[in-house]
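Please find one structure pasted underneath; my questions will follow.
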Amino acid sequence: MAGEGDQVASDAPVPSAVADSNGVESGNRPSSSNPEPSSDKKRVRTGSQDIDMADAPVKRQKGVAPIKAECVALPNIFIIHRSDNKAEVKTAPIDDDAAEAADARHKAGDSRDNRAGAKGKNNKKDKKQKGQNTSRTFGSSHDKLPLCGTRALSNEFSAPECRFGDKCKFEHDLRKYLKEGRREDLTTFDGQCPIYEVRGYCHLGWKCRFVGSHSEERATEHGRQELVLREDAERKAKFAGLEDDEVEVVNILPKEVRFGLSRRKIGTPRSDQYLEWINSNKDQERELFDNNQGDTEALKEERDARRAEYVEAPFRPSEKRRLYYGPETPVLAPLTTQGNMPYRRLCVDLGCQVTWSEMAMGMPLIQGERGEWALMKAHESEIAAPRFQSKGTVVQGYDNAADIRFGAQIAANKPWLANKTVEVLTDNCPKLRAIDLNCGCPINLVCEKGSGSALLDSEAKLENILRGMNYVSKEVPITVKVRMGTKDNHPTAQKLIKRLVLGGYEALASDKGTSGVAAITLHGRSKQQRYSKSADWSYIAECASLINRLKKEKDAQTDTAAEADPRDQANGGHVYFVGNGDCYSHEDYYNHMNNANVDSVMIGRGALIKPWIFEEIEKGQYLDKSATERLAYIEKFAKYGLQTWGSDELGIGTTRRFLLEWLSFAHRYVPVGLLEHLPPNIQDRPPRFRGRNDLETLMASEHYLDWIKLSEMFLGKAPPTFKFEPKHKSNAYEIEAEG
């Protein structure tokens with residue numbers, strides 16, 4: 001899920017480091033070993049070097065981005081354009097629950113509030129669009145005359161017979177389809193098909209909107225002109241034996257496995273054995289708690305023997321692949337909707353070292369639902385090893401060459417569901433860095449079922465879920481993402497972390513061992529808080545200190561009854577700790593690394609607004625990206641989207657939809673060259689401003705029509721049937737039919 005955090009206070013000045021669009025640096029790079037955090041007393045003024053602002057204090061308005069006066073276009077208010085040509089003045093920041101696919105039921109006064117609508121039907125037009133769109137639709141993208149599948153991949157005179165004959169509802173006349181049944185070819189990407197460029201063929205054939213780049217008209221031996229599809233034999237040979245959806249993509253679920261899961265013909269033997277073992281021990285555990293003065297060693301040996309009866313050589317957490325987190329491994333948060341494969345691929349290009357899938361629900365996975373399994377797909381760039389410079393704590397046995405970047409995040413509300421989900425994932429997804437259990441999602445739809453943040457109030461249950469996941473996950477490590485707690489001013493994360501690292505009393509007494517998690521990620525907000533306040537990095541720092549103390553405490557438990565079984569401790573007993581919340585610059589990143597003492601920082605909204613934050617972290621400087629460079633990232637996303645979802649009308653529509661989802665965040669970026677002071681704050685909202693050129697101004701627009709214009713630069717004009725509803729109702733868009 002998305003989310004990031006606020007700065008740790010300090011009296012030391014922040015090093016100034018700003019680069020122009022060509023990456024020319026001014027100032028010093030922050031060092032992970034020599035912390036130089038930011039200060040409210042001394043700030044860096046852009047356009048100059050290391051200016052001490054104590055001599056020339058400038059009042060900074062809370063919640064408002066400090067844009068240079070000459071760039072401000074209107075008074076200091078935020079304006080949202082609407083299709084009725086009215087403007088709604090916005091004085092509060094947009095709720096960023098859109099990054100977590102939040103529903104609107106927690107909001108008062110949203111579209112479900114009938115106070116305004118009770119006056120009658122005629123009042124509907126005056127009703128403001130607020131809150132979240134919970135049941136969104138996106139129209140349809142299809143050809144005017146759908147082409148029959150027997151013709152799609154065949155040359156004009158070589159198509160097989162359609163078994164439906166004249167009764168077929170689809171078009172068989174190829175020339176008629178090309179002339180009347182589809183829109184004209186796109187001229188973007190130099191008119192070259194992005195799929196053909198990689199594969200040497202296009203699996204969409206005549207349906208491709210770039211078909212002119214891989215087709216031609218040839219004369220036959222009978223003097224007729226035939227339309228034929230071209231192929232590049234050399235490039236095509238590189239992917240021989242692969243299905244169309246397996247080119248440059250891993251973790252593809254075979255059709256027969258998906259069919260078997262949906263028909264319940266594929267079992268989960270490891271989970272069944274583990275659950276049977278747990279259930280068989282319930283009576284003995286009760287006896288243990290009734291008489292806890294018994295022979296602990298004898299009971300331990302008895303349980304080991306019983307475990308061997310039910311589970312055949314299970315993988316213990318300590319036998320799993322080792323993980324590593326360090327200053328050189330910034331993490332991209334699991335982002336619902338926005339965290340799709342093309343976007344993750346773009347972030348990896350820009351320096352992201354660890355990626356996570358969108359949160360997948362457990363039940364659809366074990367039922368073989370195609371949409372949920374699609375979330376497990378990863379691009380081949382995500383299975384490369386993350387950067388490794390041995391700057392952090394390296395556990396014994398860590399093999400960077402065997403490590404990859406991509407992990408899967410799941411949500412589950414019961415031990416049996418989590419166990420079975422992990423088992424089918426590890427059996428069918430060979431490229432997973434780790435599997436993360438989401439205990440931070442605050443949305444009602446998830447929490448009402450007992451998943452997400454709801455697990456924070458059930459610590460023993462959560463521990464049991466994670467322990468079971470470890471038993472069935474083979475060599476794949478298990479991690480967990482949590483929040484501070486469920487309620488404001490009542491954080492519970494420290495208590496939970498202690499249980500997860502050391503093990504709860506009942507688990508240790510019954511010899512179940514610790515949870516075995518290899519890493520814990522903490523989002524510095526509560527479930528109730530959402531994004532109304534900045535993330536609490538001081539609390540994250542306290543939790544990081546706690547984990548360091550717990551390591552010493554575990555060492556002190558040697559030869560005691562409370563000692564955890566070393567076989568149940570992942571990463572040789574070292575639990576990595578990752579902070580999450582409001583990271584928006586390399587200064588934020590290194591501040592958190594140095595002052596909160598986390599092993600790494602997970603970045604969500606900051607990466608949505610400016611994906612090159614990973615590049616800034618690597619180079620240790622601000623990068624003042626030009627509008628042209630930012631447009632190139634949009635072009636790259638569009639290209640990756642077409643390679644993922646297809647270059648036909650349907651694939652272009654899907655790519656456009658997810659591009660607009662990203663632009664609903666990316667338009668918030670304020671170029672650092674327009675700011676009076678650094679570092680920028682992700683919670684600050686800018687007044688309406690003029691960019692340094694028309695393109696930069698366009699890219700900062702909150703108007704949904706301008707997002708459409710940007711998409712049309714690379715995906716062509718949106719069809720009349722296209723409809724876009726962003727998660728914020730104020731930005732909803734439905735294209736008007738021409739004429």
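In case you wondered, yes, glycine gets a Cβ from its N, Cα and C as well.
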Which residue of Q192, Q225, Q409 does Swiss-Prot report at the same FMN site as P334, L335, T336, K481, H523, N580, G581, D582, G604, R605?
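Between Q192, Q225, Q409, Swiss-Prot records just one in the FMN site with P334, L335, T336, K481, H523, N580, G581, D582, G604, R605, namely Q409.
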To which of the residue ranges 143-175, 242-274, 275-307, 671-703 does Swiss-Prot assign the term zinc finger?
143-175
What three-state secondary structure does DSSP assign to R605 (FMN binding site)?
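DSSP assigns R605 (FMN binding site) to helix.
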Please work out the number of neighbouring Cβ atoms within 10 Å of the Cβ of T336 (FMN binding site), leaving out its own Cβ.
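A 10 Å sphere around the Cβ of T336 (FMN binding site) contains 22 other Cβ atoms.
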So what's the average pLDDT for the zinc finger (192-217)?
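Here the predicted model's pLDDT, averaged over the zinc finger (192-217), is 97.
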Cα-Cα separation of T336 (FMN binding site) and C441 (active site, proton donor), in Å?
10
Considering only the binding-site residues K481, N580, R605, which residue has the minimal Cα-Cα separation from C441 (active site, proton donor)?
K481
Could you put numbers on the helix, strand and coil content of the zinc finger (143-175), residue by residue per DSSP?
9 helix, 2 strand, 22 coil
For D582 (FMN binding site), just give me the three-state DSSP call.
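Once the DSSP labels are grouped into three classes, D582 (FMN binding site) ends up as coil.
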